Amino acid sequence: MKFHTMPVIRSHEKRENSLINMSSRDKPNIMITGTPGTGKTSLCEQLARETGFRHINVGDWVKEKSLHSGWDDDFECFVLDDDKVCDALEELVEEGGCIVDHHGCDMFPERWFDLVIVLQTDNSTLFDRLQRRGYSQKKIQENVECEIMMVVAEEARESYKEEIVKLLPSNTSEDLERNLQQLVDWIRANT
C-alpha cells in the first residue's frame, strides 16, 4: 500500500514560516510520532546522537516516572496520565532542543513543537515488525488498522499547524537514513 506523503522537509524554509514559538528558546523542538513499529525510536536515537538534542521517549518516561494511572490488560500497556506527562516534560521542552518520541501527539500543547514528523510504514512491514516484538495478534491488528486508517497522521493534522506537519515513509534502512539526513539538515538550518 502506498501512502500519500507531504513534501519533504526543506532545510531552507524560513524560521518564521516553519517554527511556531522559538522566541523564548534557541533550539527547536521536534515531535516524532507514528503508529508503534514505524521506527520512531530508531530515528530519534540517531538524530539525538547526530545533533546533541535530547531524546525523550514518552513511553519510557511513563514507566520510569510513574506517569500513568495503572495497566490496561485489554490494550497491554500503561494508561497515560496526560497531565502528569505534560507537567514532567514542560520545563525541558521550554528549554528547546528536544526530540519527543511518542505514538500519539494530540495531548501536547501546539506551542511546544516546531516540527511534527509522522512516520508511516506499509502494512506488511509493520505487521512483521510488531510480530518480532512479540505483540499479541489483537495488538498487531489494532496497530495495523490504525496505520491503514492514518489515525496518527490525522491526529497530527488536527493538532498542529499544517506547515509544520510532515509525513515521511519509514519502511527501509534507506528511508531511515534519508529521514535522518533531512532532519539534521532542518535542525542546522533552524538553529
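Yeah, the Cβs are placed from backbone N, Cα and C, and that goes for glycine too.
Whatever TrEMBL says is automated annotation, not expert-curated.
Check TrEMBL against the ranges 132-142, 165-175 and you find region 'LID' recorded for 132-142. With DSSP classes pooled into helix, strand and coil, the tally for the region 'NMPbind' (57-80) is 7 helix, 10 strand, 7 coil. Each residue of the region 'LID' (132-142) gets a DSSP state, and the totals for helix, strand and coil are 7 helix, 0 strand, 4 coil. Within 8 A of the CB centroid of the ATP site residues G37, G39, K40, T41, S42, R133, the other residues of that chain are P36, T38, L43, R129. With a threshold of 8 Å between CB atoms, the same-chain residues lying at least 6 positions outside the region 'NMPbind' (57-80) that come near it are 41, 44, 88-89, 100-103, 107, 135-136, 139, 142.
Residue annotation for ATP gives G37, G39, K40, T41, S42, R133. The furthest Cα pair among them is separated by 14 Å.
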